[in-house]
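Asks: Please see the structure below; I have some questions.
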Amino acid sequence: MSAPTATTESLEVRVKRLEQEKAALEQELRALRLEQSITLTASAPLAHSTNGEGAKNDLQGVPSSSTVFTPFEKVAALTNPEIARYGRQLILPGFGIQAQMDLRNCSMLVVGAGGLGASCALYLGAAGVGRLGIVDHDTVDISNLHRQVIHNEARQGMSKARSAALSVQLLNPHCEVVVHELVLESSNAQDIINAYDIIIDATDNVATRYLLNDASVLGQKPLVSGSALRLDGQLTIYNYRGGPCYRCLFPTPPPSETVTNCSDGGVLGVVPGIVGCLQALEAIKVATGLNKEDPPTMTLFSANSSTMFRTIKLRKRKAECIMCGDSPTITKLIDYVRFCGSSATDKTPDLFLIPYNERITCQSYEELLKCRVPHLLLDVREKVQFDICSLPSSLNIPLKALPNELEKVKANLEGQADRPVYVVCRRGNDSQPAVRILQENGITTGEVKDIVGGLERWSNTIDPDFPKY
Amino acid sequence: MTQHFKVLYFASAKDASKTDGDKFEWSDNINAEALTKLLLARHPDLAPILKVSMFAVNMEYMDQDHSWTVQPGDEVAIIPPVSGG
């Protein structure tokens, strides 16, 4: 007697279905455990430590940089959970299963988990990129969160690379995320870049931009480059289909004094978010060949202009380019910090322009205030910063305007030719050239000194109620 | 009749010139070098920025050589690199 067809057929089908359900449940369980571990770590005091060690050690499930050198396994078909997840892309005319498979079988490296990397990594992970590497050496700070929306309040002090990886993993467990907690430099960049198909430049400094360009040219990888500051952004795919590399367009690095970082120049949070989204889009187009007919372009984003987007047509790579030209003179990675004259981070380094004996500490200045010593306190920050907070009875003349406003300084000495002048700024950098300007112009016969560490140190050591920004 | 051309400033070029664009009187033979001189005469603060900027004319990249001159009605864009992120 043969069993009813329904049973014989369904046995095999049921096994398959249950296996699939089991796999889906396991995935959900992993995601929940991940979320749980984050909640647990966030409530532990170590999670707030500045080096992020506590947070790092307690979290399971996100592979670290060593994994990248294990071969990336391509697949021949999507699983049912993947089909369910990517359904809206799969039914998209001109995208469909082929493009989704291309994404699944593609590995991408996002360098920088800051303002650009935040939106870029989230969308790439969500879209179904097979392997996503995230590079960052920094830790999450409260002042990042207005734009770096991939991190959150509870992750202060945690490694940005790890925090970003967790967010992507929570959003899409199908995406294999690899964490690279390091400063990308000449000694390690090439091996990492060679391990990926598409490189995304979401960095915040000039030196790393040249490093990434050169390593991408040497490794023959397309480089999806984005940048943003204040209200402006730029987007270009370099080293792609015969188009130019970064050096073709910008052969000379800008002098470091003309480069502004987000910390000093300010940035509207959504601006890097937009550019990061555009980078994700371009990377998806490269991976799927959607843009294979397009000529090279640079997109300029100006948030506050009536024409928010402009597209500049670029030319082919330059035959005489020292990196990607016909006879390149750069054939291996160089010292980019030296080449650019600026560091490979966006942190503002401390300036040591004037000797220590021509400066005063916050403590000494506080003493002087208590003793009511007559003096002039000159604040050389930009007005927009002065408007946030300032010390009582300080006179605001921004450093840039100072050479033309010396009369105003004199007028504020109230007729006392030897009245001392103290100069303050945000961190004790701009105050130093200001002291030099005042001394060279003999503004007073009294002492001219600046306050070491500026208002930031004033807040840290003297008055915790004084705001920091 | 005097003819003009337009200049657009982006990112740090906008900060240095304190405007996002202005008009210049057109004349013959304004190549990249002559253009740089014209720009510096009006906005001296552009000096360090022009050294590292890219030029585009009517939304098309231009090499900084003698192969082209500005035409009446052209829109020249000064595009310095932005490095923040």
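Yeah, the Cβs are placed from backbone N, Cα and C, and that goes for glycine too.
Unlike curated records, TrEMBL annotations are generated automatically.
Checked TrEMBL, it gives:
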- A:Cys262: active site, glycyl thioester intermediate (ACT_SITE)
- A:Cys425: active site, cysteine persulfide intermediate (ACT_SITE)
- A:Gly115, A:Asp136, A:Ser143, A:Asn144, A:Leu145, A:His146, A:Arg147, A:Lys160, A:Asp204, A:Asn205: ATP binding site (BINDING)
- A:Cys245, A:Cys248, A:Cys321, A:Cys324: Zn(2+) binding site (BINDING)
- A:8-35: coiled coil (COILED)
- A:375-467: domain 'Rhodanese' (DOMAIN)
Asks: Taking the mean position of the Cβ atoms of A:Cys245, A:Cys248, A:Cys321, A:Cys324 as the Zn(2+) site, which residues outside that list, in the same chain, have a Cβ no more than 8 Å away, listed in sequence order?
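Replies: Once A:Cys245, A:Cys248, A:Cys321, A:Cys324 are set aside, the remaining close residues are A:Val217, A:Tyr238, A:Asn239, A:Pro244, A:Tyr246, A:Arg247, A:Arg317, A:Lys318, A:Ile322, A:Met323, A:Gly325.
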Asks: What average pLDDT is reported by the model for the coiled coil (A:8-35)?
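Replies: Overall, the coiled coil (A:8-35) comes to a mean pLDDT of 82.
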Asks: Going by C-alpha positions, which of the recorded positions (A:Cys245, A:Cys262, A:Cys321, A:Cys425) is nearest A:Ser143 (ATP binding site)?
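Replies: Checked the recorded positions A:Cys245, A:Cys262, A:Cys321, A:Cys425; minimum Cα distance to A:Ser143 (ATP binding site) goes to A:Cys262.
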Asks: Which number gives the other C-beta atoms within 10 angstroms of the C-beta of A:Leu145 (ATP binding site), all protein chains shown included?
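Replies: Total other Cβ atoms inside 10 Å, all chains included: 17.
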Asks: Would you mind listing, in sequence order, any of the binding-site residues A:Gly115, A:Ser143, A:Arg147 that have a CB less than 8 A from a CB of chain B?
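Replies: The binding-site residues close to chain B are A:Gly115.
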Asks: Looking only at DSSP and grouping its letters into three states, which state does A:Cys262 (active site, glycyl thioester intermediate) belong to?
Replies: helix
Asks: Using only C-alpha positions, which one of A:Leu145, A:Arg147, A:Asp204, A:Cys262, A:Cys425 is spatially nearest A:Cys248 (Zn(2+) binding site)? These are the recorded positions in the record.
Replies: A:Asp204
Asks: Please report the DSSP secondary structure of A:Cys248 (Zn(2+) binding site), reduced to three states.
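Replies: Looking at the DSSP assignment, A:Cys248 (Zn(2+) binding site) belongs to a helix.
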